[in-house]
Amino acid sequence: MNVETAGAGTLLLVVIMGLVTLATRWGGVFVMSFVPINYRVQQFISAMSGSVLVAVLTPLAVNGDNGARLALLSTAVVMLLVKKPLPAIAAGIVAAALVRAL
Amino acid sequence: MSTVEKHLSRLAWSDVWAGFKQLLPISLFVVVFGVAFGLAAAQTGLGDAATLLMSALVFAGASQFAALELWGEQVPLVPLIITVFAINARHLLMGATLYPWLRELPTARRYGVMLVVSDANWAMAMQALNAGKPGLGLVLGGGIALWSAWCLGSWLGLHFGNAIHDPVSLGLDMVMGCFLLAMVLGGHKSLRMLMIWIVAAGSSLLAYWYLPENSHVVVGALAGGILGVVWMENKHER
């Protein structure tokens, strides 16, 4: 099914996108309100919360250019040494810019 | 997180304002992404009003860029819905992970906070909450900062998009990735966590290569979560 983008079609599509995204923002909370929070569920949630980010970042590192890879590596090293996010992020951006300038 | 304390769920104006201020630096970069989106939307022929409305209502950059790929005189509705849902499905996990703290709030506030959840404010809030500090103000206040930056950037991109020549060569495309990585590494670390991350990384890569597009985040996160249940922490360890 196709929607014409002439006239009100665009508006309709944008509203549909908004509703789908809202469902993702609310759905997790809604489902969890039926799940009893016991120790097992807490362990699942805390393991999942780091895993979301790892799962976002891994393909970025593997499929990215050398600038992207060295950026993530620099951020990781500085973060583990200094334990402060801002210097770690700055190191990553500088690394990406340097690699890409060479 | 073994004992969720109620004061961590507090959501006073001062918490929201503090969260807003804490997310302002990263919001400056979100303005740049917004400019890139506004420019791309203008080039796709989306129209000013529709572009701004999309940024305001959807507020999820990756899915908005993906929607532009599908845009034309006609837009296929079901692929659009599937694409937007798959890319934004990580919000489901974010809501689930915040739930132990959100459930202390009245229902309207609980869902109100979730209106503006996004990668950066969620990651920062989880780090705070897991360290025993209040975090819901970071979600709401930080989310308002990010949302404003995203809308402002989209507007700037529509009108002055050509001013930014090459954000990639400046490394600006890596800001969000480096930020999220810093959040991961700033959290609780142990051999168990390391194994969970390795499983999440491996399964997300396999999903990225072999499963339908955009499924890798959910697959990797669930795999990491399942290992977390199979290999539970000793209750008295923390």
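Backbone N, Cα and C define each Cβ position, glycine as well.
TrEMBL annotations: computationally assigned, not manually curated.
Checking TrEMBL for transmembrane segment across the ranges B:52-72, B:136-156 points to B:136-156.
Of the candidate ranges B:23-42, B:77-102, B:194-211, B:217-234, B:23-42 contributes the most Cβ pairs within a distance under 8 Å of the transmembrane segment (B:168-187). Ranking B:23-42, B:77-102, B:194-211 by CB pairs under 8 A with the transmembrane segment (B:217-234) puts B:194-211 at the top.
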